[in-house]
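**Student:** Sharing a structure, written as structure tokens. Questions coming.
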Amino acid sequence: MLKSDEEFARQLQAEEEALMVQQYVLEEHSGQFEQRIRPYINQVLMYEDPVRQEAARKTVPIEELEEKALVSLAKEGNFEPSKIEQDHAFLLQLLFWFKKSFRWVHAPSCEGCDNETVSQGMGAAIPSEIQYGATRVELYSCKYCSRITRFPRYNDPLKLVETRRGRCGEWANCFTLYCRAFNYESRLILDFTDHVWTECFSEYLGRWMHLDPCESVYDKPLLYEKGWNKKLNYVIAIAKDGVYDVTKRYTRKWPEVLSRRNITTEYALSAALANMTKECRKTLVPHVLSLLEARDISESKALEKDPNSQDDASILLPGRQSGDKEWRISRSETSPDDMGSLTCSSCPVRICTDEHVKRIYNAWSPVLCQFVENNFSKSRAVEVLQTFKRSLLDLWNLPYKNRRASINCSNDSQLSLEQLLPSFDELLDSLSLKSELANQMVDIRLAGDPVKTSLALPVALDSLEEIIQNLNECDNFDKTSLSLPLVKLNRIHSGSVLASGEELPFGIATAAFDGTCSSKWEEPDGARGCWIMYKLLGNQMLELVAYELMSANDAPERDPMDWVVEGSDDGGSSWRILDKQTSQLFENRFQRRTFKVGSLAVQSNAFRFRFLAVRDVHSTSRLQLGSIDLYAKATKFQYYMSKVSA
């Protein structure tokens, strides 16, 4: 969507006025501009050094990030991604990993006693610091022992790979090296209003993508203008093959930005950039030059459209999160209603890839039934499950392509694990695993796509932990206990989800249905009312007989307290109340609570939760949930088969 004709005309007039002022006020030279840019041209060439690239790669848990990338795609239903899709997903995981592995320094801790320090100004760099480009050294005095701690501002990314600390300059400098180390076309982005970040060319998106390692934010170029309230002027991309003005990608207020561009005229700026780019490309062969020039033209056309785009209007962007709070406030880079993370106020319909969750839940039933049939005591059942849990943990801690674990059956008393093994077959199959028995050892190994195992193992471990907890709380472990919450059959799956809002990228609506404790759905404005709707696959009609809600990992004040559950038989056009709860409390984190639906039989093809209030509406604007599980009434065929099995 573009601006209206009237808005567009006003913008053109404002641009003309700003350019006219520029012509009269500024001299047509680019000396000051070039002086600021040229040091960065030498900087980005360091990213091409094979030694630096290899040093960076050695610090990255490559296989772990590869696994996370493939699992993230699998959660979207993509189990056979192309290389371009894998590369894009890996880049995002590299960004998230870097955020956790690099440390922000406001004031370094004392090198002597590790206590707080205060600034004592600047000092002269010593040779060992100058060697890695530290022309500036900050000095800090310890509040307790008065020792002076030095904080060299290193410019060589090789040293930053070692120190893993700094501020935005060090973060962007080092992260851009990591991107080049994994062969992503990358640029260092210099914002003249004092910030630095990275751009990578995404083959998946077919364009340059913004990545801010300090904030762990990607593809949100309006973060600074809209979230941080920055008054941008020049945003310049510096790469090994050229220097580019990309300011228009980062603004929707181009006339205002243009009025603040007071270093040189636009004509002189373009000439300076063209000259520096020509220098960067002087050794390139014609074929490469032709490709670069074609990409330049494509980007230039896209940049001309960006200031008029309205396609990101629903995304709410936070103020700055990196750095000391007082420092951020002093820079006016916090927003008045700072959410602390990205939010989407009009989230799209998302598809749940969670059939494996249903299969895992169902697969525990034959295991528990076997325990009952063999008159296992509660403690014996827990003992067997703990043994199996240790094997699953062993598998989880191994590289995802080479998962294999063993269980020693020789120490078993009463009924051995060897005899129990067939009851675990369905579970192992749901995890894409298989078992083999030899010499009283049960060998468990991969049986199919390792990514499916990676996707399912966390679900199995979380559900197993809950089963052990529920068993321990059982008064009597017998046939009467083989129902909710211990046995979870007929979980509804593979539907589509729509919510009133969601957190990007880790609190999206489908996170409520993925069966793991490590994720959650978060509604940024849901404390006083929000909703989430689940529409069944293929418009099938089912009767809801129970549901479970699980509290999330933190912030008890965000737990739902009052809600209404509704069903619809026309896809969501009309609703009927199925259950209503008030004043409900979750006493612990990751606590799962089961609610039976006591209404008359109602066939529905969509269900909706209307959350009316959270636990403490006065201290938060948010609602969050660890998980939602919906359970349908067994069909006549399922009921018949269960009787036959019994």
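Yeah, the Cβs are placed from backbone N, Cα and C, and that goes for glycine too.
The region 'Disordered' annotation in TrEMBL covers 302-337. Annotation comment: TrEMBL describes 322-331 as compositional bias 'Basic and acidic residues'. Per TrEMBL, domain 'F5/8 type C' is recorded for 474-633.
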**Student:** Who are the long-range neighbours of the region 'Disordered' (302-337) in its own chain, taking Cβ under 8 Å and residues 6 or more past its ends?
**Tutor:** 1-3, 8, 11, 104, 106, 167-168, 171, 194, 207, 214-215, 220-223, 226-230, 246, 248-249, 251-254, 343-346, 504, 524
**Student:** For the domain 'F5/8 type C' (474-633), what's the mean pLDDT in this predicted model?
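**Tutor:** Within the domain 'F5/8 type C' (474-633), the model's average pLDDT equals 96.
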**Student:** Report the DSSP secondary-structure composition of the region 'Disordered' (302-337) as helix, strand and coil residue counts.
**Tutor:** 13 helix, 3 strand, 20 coil
